[in-house]
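> If you scroll down you'll find the structure; I have some questions about it.
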Amino acid sequence: MATRKSGCCGLSTLEATLAVLFILMTGVSVTLIALMATWKTHTEPTGPPGPEPTAPPQHKPYLIGVGRADCTGPPAEIPLMGYANPQQTAAGIHTRLYSRAFIIDDGRQRVVFVTADVGMISQRLRLEVLQALQVKYGDLYRQDNVVLSGTHTHCGPAGYFQYTLFMISSKGYIKASIEPLVNGIVKVCVCVCVLSGGAIRQYKWNTDKQVLVLKFTDLDGNGIGMISWFAVHAVSMNYTNRMVSSDNMGYASYLLEQDKNPGELPGQGGFVAGFSSSNLGDVSPNTRGPHCVNTGLPCDYLNSSCPVGGTKMCQGFGPGDDMFDSTRIIGLNIYRKAKVPLSLSLSPSLSLSVSTCKPALGHSFAAGTTDGGGDLNFTQGAVEGDPFWDGIRDALLGEPSNQTQECHHPKPILFSTGEMNWPLPWHPQIVDVQIITIGSVAVVAVPGEMTTMSGRRLREAVKQELQAEGAFRDMEVVIAGLSNVYTHYITTYEEYQVQRYEGASTIYGPHTLSAYLHKYRGLARAIAQDRVSELPAGPQPPFFTKNLFNLLSKAPVDRKPENTSFGDVLQQVYPVYRQGDVVSITFVAGNPRHSGDIRDKSFVTVEIYDNRTETWEVVHTDASWETRFQWLKGSNQRSNATVEWHIPPSALSGSYRIKYSGHYKQIKGLRPVITPYEGVSDIFTVTASFYYH
């Protein structure tokens with residue numbers, strides 16, 4: 001992978017941010033910055049040829065459950081979470097999003113680890129999941145034994161936050177976005193509530209780019225699932241993409257699950273492969289590094305900008321020819337590291353509050369990163385404010401207090417979010433910290449994006465505390481990033497002084513890492529001494545019910561060209577294709593938002609005709625890597641859907657067709673009516689050669 005030259009996960013451009021601020025707070029129009037920009041650290045997911053498994057502990061089998069559930073939200077018009085680019089709204093599906101759960105019970109304690117294809121776990125998402133689990137299971141699944149972690153894809157629907165800063169960049173709190181996530185995560189926990197006997201084996205590569213794999217097997221030694229942690233940003237799909245996508249981490253899961261579940265469609269099959277984020281704060285998959293797109297020359301190293309065009313022209317590239325190829329290459333490399341021979345006392349976690357400076361974002365936050373730079377004249381490495389932007393901030397929001405400015409020094413504060421509470425607090429001030437132990441592995445759930453060096457220090461600190469009492473001598477410590485609540489970045493004190501994007505986005509000040517080290521040491525010490533029950537639980541985070549806002553307008557009625565019907569083909573397929581070709585077809589479509597809950601369904605199917613049974617068999621869906629569904633919103637409330645099938649070399653020769661399904665909305669009798677429709681291509685042939693004898 002590569003070292004990041006700028007940040008990730010910011011609001012959109014500073015222009016976009018200020019515009020919304022004016023609208024919300026003064027009715028004037030200016031633009032806001034990227035809430036989540038992009039970062040960059042290049043580090044190839046390559047390593048030693050194969051790890052050796054640690055010796056399995058000698059004790060009775062665990063009760064183990066694994067599961068997977070679709071959590072894909074509306075693939076149209078909703079902002080995608082990550083780059084905070086206001087133009088990057090959903091318009092189709094590249095791959096579906098899944099939540100994957102692993103439940104382990106040793107007879108004394110039960111823990112749940114969920115990795116979900118989302119940008120990050122928000123505090124609101126976690127609270128709603130815990131509430132739903134409590135309704136169904138009572139106190140079985142709780143705040144202290146459930147870990148939710150996001151893969152950090154930047155191409156999943158936004159709108160699942162309750163703090164103002166994130167709502168501004170996401171068009172508010174959108175129920176249509178958060179409900180599929182909550183329902184998908186809860187469903188996967190329900191699906192694995194019946195546990196069976198099994199064992200756990202651990203593998204790791206002893207390098208700084210740590211890859212740790214836990215494999216779960218049944219009593220016969222058959223693999224039923226695995227979790228792998230690896231530190232890399234899921235930003236191979238860049239900010240120009242508008243299709244919902246699980247990015248490189250999701251593709252790694254896709255490859256391993258397809259390998260272990262032969263003959264099954266994506267999202268089906270018993271083997272579950274979870275690839276979870278780690279301390280990826282300064283690690284980019286764009287391994288060719290940042291270059292100026294207008295000149296081809298390397299960007300300025302210190303501020304990640306270009307002589308002409310500034311930070312917007314500085315972008316990271318590689319390793320592939322385009323973002324799809326880069327996603328494939330990085331995902332394939334991650335998959336290969338986890339695929340080698342797949343073969344617990346449990347401790348509960350603890351949640352405590354962390355308090356340092358009041359949260360604030362610095363000027364370099366608005367610069368973004370080489371994975372997605374800002375549009376305005378902000379650059380990384382800024383340790384002094386800008387009178388122009390500071391003046392606008394003071395006029396709109398008020399000047400940061402002297403106490404906050406001194407606490408965050410040398411960060412020049414752009415947004416003093418800890419002192420902004422209208423219409424709701426802009427950032428969380430109660431943060432969960434959590435550790436669970438699974439056999440000889442301690443999983444440290446971190447509520448943000450830790451840099452490489454911060455992660456090293458945290459792993460070492462936790463390991464020292466666990467081993468100090470002698471009961472956890474051979475523990476491996478792994479960081480599960482973007483877990484439970486999102487607090488941007490966590491840099492070291494030294495990295496903070498430089499005030500690149502990551503330091504400017506370390507919202508609790510220069511001693512943020514020190515505060516986390518203190519809290520996690522306390523948790524690890526309590527686990528080592530078997531005194532977890534004696535620790536105070538800390539304050540509960542708020543669950544806001546008022547002042548949540550939604551800026552996303554309702555989807556209007558659908559219209560179609562004259563003398564056509566929804567599902568009609570506008571651009572037909574060719575009669576013959578070869579393996580490696582791309583089949584493309586365009587349909588008259590309705591707005592995908594009218595399809596409602598799309599979990600466990602598919603807008604697209606690719607089907608082959610079975611001559612033996614004289615039936616059509618589905619070989620691909622919109623969850624498949626080989627398909628791409630793109631929705632194009634036209635004028636006069638008309639829209640089209642283009643489906644591509646990238647025919648793999650493994651495709652069988654035969655007769656095929658492509659089906660597209662959706663819903664359209666009309667007004668009948670002054671009431672909206674949603675109607676399903678379907679379109680089917682002509683039959684076409686896939687053959688190894690165009691030549692016949």
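Every residue, even glycine, has its Cβ placed from backbone N, Cα and C.
Features from TrEMBL:
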| type | residues | note |
| --- | --- | --- |
| TRANSMEM | 12-39 | transmembrane segment |
| DOMAIN | 62-187 | domain 'Neutral/alkaline non-lysosomal ceramidase N-terminal' |
| BINDING | His152, His233, Glu449, Tyr489 | Zn(2+) binding site |
| DOMAIN | 202-339 | domain 'Neutral/alkaline non-lysosomal ceramidase N-terminal' |
| ACT_SITE | Ser284 | active site, nucleophile |
| DOMAIN | 353-517 | domain 'Neutral/alkaline non-lysosomal ceramidase N-terminal' |
| DOMAIN | 521-686 | domain 'Neutral/alkaline non-lysosomal ceramidase C-terminal' |
> If you draw a 10 Å sphere on the Cβ of Ser284 (active site, nucleophile), how many other Cβ atoms land inside?
30
> Distance check, please: Cα of His233 (Zn(2+) binding site) against Cα of the residue listed as 'active site, nucleophile', rounded to an integer number of angstrom.
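Cα of His233 (Zn(2+) binding site) to Cα of the residue listed as 'active site, nucleophile' measures 5 Å after rounding.
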> Could you measure between the residue listed as 'active site, nucleophile' and Glu449 (Zn(2+) binding site) for me? Cα positions, answer in whole angstrom.
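Rounded to a whole number, the Cα-Cα distance is 12 Å.
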> Which one of the binding-site residues (His152, His233) has its C-beta surrounded by the most other C-beta atoms within 10 angstroms?
His233
> Quiz question: given the binding-site residues Glu449, Tyr489, which has the greatest number of C-beta atoms lying within 10 angstroms of its own C-beta?
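Of the binding-site residues Glu449, Tyr489, the highest Cβ count within 10 Å belongs to Glu449.
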> If you average pLDDT over the domain 'Neutral/alkaline non-lysosomal ceramidase N-terminal' (202-339), what do you get?
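Per the prediction, mean pLDDT sits at 90 for the domain 'Neutral/alkaline non-lysosomal ceramidase N-terminal' (202-339).
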> Could you break down the residues of the domain 'Neutral/alkaline non-lysosomal ceramidase N-terminal' (62-187) into DSSP helix, strand and coil, giving a count for each?
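Breakdown, helix to coil: 34 helix, 43 strand, 49 coil.
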> Using DSSP, what's the helix, strand and coil tally for the domain 'Neutral/alkaline non-lysosomal ceramidase N-terminal' (202-339)?
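Result for the domain 'Neutral/alkaline non-lysosomal ceramidase N-terminal' (202-339), in helix, strand, coil order: 34 helix, 40 strand, 64 coil.
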